[in-house]
Amino acid sequence: MIIFYLSGDRVFSTDQNAINGLYNKRYFGKVVEGKLFLSLLEAAYLVERGKIEVRDGKRKLSLEEIMNLGRARDELFDAKYLVYKDLRDRGYTVKSGLKFGSHFRVYRRGMEEHSEWLVWVVPENSRLSPNDITARVRVAHGVRKNMIMAIVDEDADVTYYKVEWVKF
């Protein structure tokens, strides 16, 4: 079991097995100065699968405690987690899409140089403005990616919609 330690809104490990197995082979997290950092979404996913253990000091954190930490920082954490888990379970590599104005950037199986999709997580009952949608599609188009809206319903089901420009 690979041990990670809580550090603010993420977790880290200096274990080389973590870096080799999780980062180099499965594309989780980011390596900075010899440490592998995972987001709380990534940590929750790996804890749920029994791949890692997260500690706060010496105390082991449960999956529910990690989820609660995420919820305290992000009101969309549960919806994002459902989408993250669904995409990972389908074999995609999922990374933060923050610099592209989306929740995730998604790569086909493996990690190519450029992601193919930007994913925006939207709870089913959210009110969306046309300007929000237009802005996100423009950014995706500008960086040559496909914009995907991941709609999460009250039953925790995820439906994906591709949103794109149509030229007449």
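Easy rule for this one: first residue shown is 1, then count along the chain.
For all residues, glycine too, the Cβ spot is worked out from N, Cα and C.
For Tyr107, His114, Lys145, the entry in Swiss-Prot reads active site, with the evidence type sequence analysis.
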Message: Can you tell me how many other Cβ atoms are located within 10 Å of the Cβ belonging to Lys145 (active site)?
response: 20
Message: Tell me the coarse DSSP state (helix, strand, coil) of Lys145 (active site).
response: coil
